[in-house]
Amino acid sequence: MFISFEGTEGVGKTTLIRKLHEHFQHLAKDVVLTREPGGTPMAEQIRSLLLSVNHEETMSNDTELLLMYAARAQHLEAVILPALAADKIVLCDRFTDSSFAYQCAGRGLDREKLKVLNDGFVARMPDITFWLDAPIETGMLRARERGALDRFEQEKATFFEKVRSGFAEIHENEPARMKRLDATQTPEQVFQQALLHLQQI
Ligand code: TYD
């Protein structure tokens, strides 16, 4: 089973992933915990390039999209697909929905470009995706409390509103795959919401 986790900054993805990881381990399941952009040494280097604020030039939106997919291609081939082939459960912090929400809805990139990349380079979509949804202000506050802001976290609230509406659009179009979790609830309640969905599939 391939499970991905999505949402804007500071909505508590990491906490939910940790709880589910423990839950599956408790059930003696083989679980792989990974993230995007990143998840392999090479993809993590691409992640550094994507998140760094210390560039002497502005990263173009196309470059940002292509780097996301370069990292994703490596991650799929080296980590995700082999784990799924070995019947492991893959918990992935962000996947293609982030590209739609951040690069298309947020940055305004042409959706056709994303479609070409998804059709050509993404052999496997998640079986279920948890979208942790909460008002933008809550998450931005939490992100700021965590310390130095990365290149995405430095964006303004209006950008994150667009990203949030991007996730909402996917949720509307693919309700069977993408499940919305109310991330304003306590970590335990969010975890219980996720478990209910998992029991259903
Ligand atoms: P992440 O570490 O999950 O951020 P956070 O912990 O703040 O939620 O992801 C890093 C950033 O990369 C995040 O701001 C969203 C962005 N991103 C995209 O813009 N497109 C993508 O396809 C992915 C996977 C991430």
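Backbone N, Cα and C define each Cβ position, glycine as well.
A TrEMBL annotation is a machine prediction, not a hand-curated record.
Keep in mind that what you see is a predicted model, and the values were worked out from it rather than measured.
Features reported for this protein in TrEMBL:
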type	residues	note
DOMAIN	5-193	domain 'Thymidylate kinase-like'
BINDING	G7, T8, E9, G10, V11, G12, K13, T14	ATP binding site
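Feature map: TrEMBL annotations on the structure.
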| residue | record | Cβ within 10 Å |
| --- | --- | --- |
| G7 | ATP binding site | 26 |
| T8 | ATP binding site | 29 |
| E9 | ATP binding site | 21 |
| G10 | ATP binding site | 23 |
| V11 | ATP binding site | 26 |
| G12 | ATP binding site | 23 |
| K13 | ATP binding site | 24 |
| T14 | ATP binding site | 12 |
Contacting binding-site residues for ligand 1, chosen from G7, T8, E9, V11 when the Cβ sits under 6 angstroms of any of its atoms: E9
Cβ-centroid neighbours of ATP site G7, T8, E9, G10, V11, G12, K13, T14, 8 Å, sequence order: L132, A134, G139, R142, A183
